[in-house]
Amino acid sequence: MQRVFSGIQPSGIPTLGNYLGAIRNWVPLQDTHDAIYCVVDLHAITVWQDPKELAAQTREMAAALIACGLDPKRCILFIQSHVHAHARLAWIFNCVARLGWLNRMTQFKDKAGKDREAASSGLYVYPNLMAADILAYKATLVPVGDDQKQHLELANDIAEKFNHDFSAEGFFPRIEPLIQGVAARVMSLRDGTKKMSKSDPSDQSRINLTDDADAIALKIRRARTDPEPLPDSVAGLEGRAEARNLVGILAAIGGTTPDGVLREHGGKGFGAFKEVLAEALVAHLSPIQAEMRRLLDDPASLDAALRLGADRAAAIADPIVTEAERIVGFLPR
Ligand code: AMP
Ligand code: TRP
């Protein structure tokens, strides 16, 4: 069975973008693939995290993943820092990846902002750790949102250079991104050209998976749009980023396509359309929220499931990373 790996940062409450662009696509892979999913707290601290909040958010993210349909019995679900193989392999990859490669990463440029000198060195080598996450399991399929494609290309460059430099042809496999769905990129509700993000300073820019019905309705009502009614087909969304985004969200929630949505709602004004969208979102998210609350009411069971996940993950990653260490010369051959 092909091995799947993906990760998500516990750097805030998961958004509708995380859900539609990533988490939701992870669920069916549990039954068709050998699926491993990870809450990446090592990645989260590349930017400042309050320690108490980090611990709470890590647990909340795990609860959210289970509530969205990941089943710790059908997949391996764990916290990154619990499995030391990630950090061990990441160090080796820090010494394989070239500065020139990292300099091309657009996420670093976005996240470091204007004051690049003040960014942590972890933020800079973030993609090397991500490559280690995947390759510690020799996973070959990685379901992510569209924004992570560049990191996966870098991971392939690292794997190839490792195999070549250490004459270990074929040791690390090639990775393929799996970018799925009509909502591979959900945009901010305030600006249709920016992606919806859990770290955006404006809470109005995103739907959090924990938002209640009133908050969802209000955010959708206030979402930026243009004055024209909805077009009859996708061609009419050209140059209308905000309209395209809202149509895409309803399509993804309803399991249809943007054309399907426009066949039904074309010609409507945004007032009416936004009511339909808010109602669909509330109906879709409320059972997830109820399940999340149930899981967080029993933290001991949740933590036990995550410990078990870490043990199962380590059983796969440890031998692979030990072999990589042997290849590098840390251990006698
Ligand atoms: P992050 O929030 O950066 O930890 O991302 C976790 C996962 O969600 C990754 O697979 C991202 O590609 C995906 N993701 C994050 N934001 C969005 C978005 N606005 N639209 C679609 N996918 C997203
Ligand atoms: N960088 C990813 C993000 O911000 C999270 C991540 C870390 C990841 N390690 C990974 C995703 C390994 C896929 C595979 O979304």
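A Cβ is built for glycine as well, from the same backbone N, Cα and C atoms used for every other residue.
Here TrEMBL flags GLN9, PRO10, SER11, GLY17, ASN18, GLY145, ASP146, ASP147, VAL186, LYS195, MET196, SER197, LYS198, SER199 as ATP binding site. Annotation source TrEMBL lists motif ''HIGH' region' at 10-18. Look at TrEMBL and you will find ASP133 tagged as L-tryptophan binding site. What TrEMBL lists as motif ''KMSKS' region' is 195-199.
Feature annotations (TrEMBL) mapped to structure.
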| residue | record | DSSP class |
| --- | --- | --- |
| GLN9 | ATP binding site | coil |
| ASN18 | ATP binding site | helix |
| ASP133 | L-tryptophan binding site | helix |
| ASP146 | ATP binding site | helix |
| VAL186 | ATP binding site | coil |
| MET196 | ATP binding site | coil |
In whole Å, how far is ASP133 (L-tryptophan binding site) from MET196 (ATP binding site) when you measure between their Cα atoms?
24
Are any of the binding-site residues SER11, ASP133, ASP146, VAL186, MET196, LYS198 near ligand 2, with a Cβ under 6 Å from it, and if so which?
ASP133
Measuring Cα to Cα, how many Å separate ASN18 (ATP binding site) from ASP133 (L-tryptophan binding site)?
19
For the binding-site residues ASP133, ASP146, which one has the sparsest Cβ surroundings, going by other Cβ atoms within 10 Å?
ASP146
Which binding-site residues of GLN9, ASN18, ASP133 contact ligand 1 in the sense of C-beta under 6 Å?
GLN9, ASN18
Taking the Cα atoms as reference points, how far is GLN9 (ATP binding site) from ASP133 (L-tryptophan binding site) in Å?
13
Might you list, by sequence position, any residue in that chain lying six or more from VAL186 (ATP binding site) with a Cβ less than 8 Å away from its Cβ?
THR15, LEU16, GLY17, LEU20, GLY21, LYS195, MET196, ASN245, GLY248, ILE249
Over the residue list GLN9, PRO10, SER11, GLY17, ASN18, GLY145, ASP146, ASP147, VAL186, LYS195, MET196, SER197, LYS198, SER199, recorded for ATP, what is the maximum interresidue Cα distance in Å?
19
Listed in sequence order, residues with CB under 8 A of LYS198 (ATP binding site) and six or more positions away:
SER11, GLY12, ILE13, PRO14, THR15, ASN18, ARG206, ASN208
Can you grab the distance from ASP146 (ATP binding site) over to ASP133 (L-tryptophan binding site)? Cα atoms, rounded to a whole Å.
18
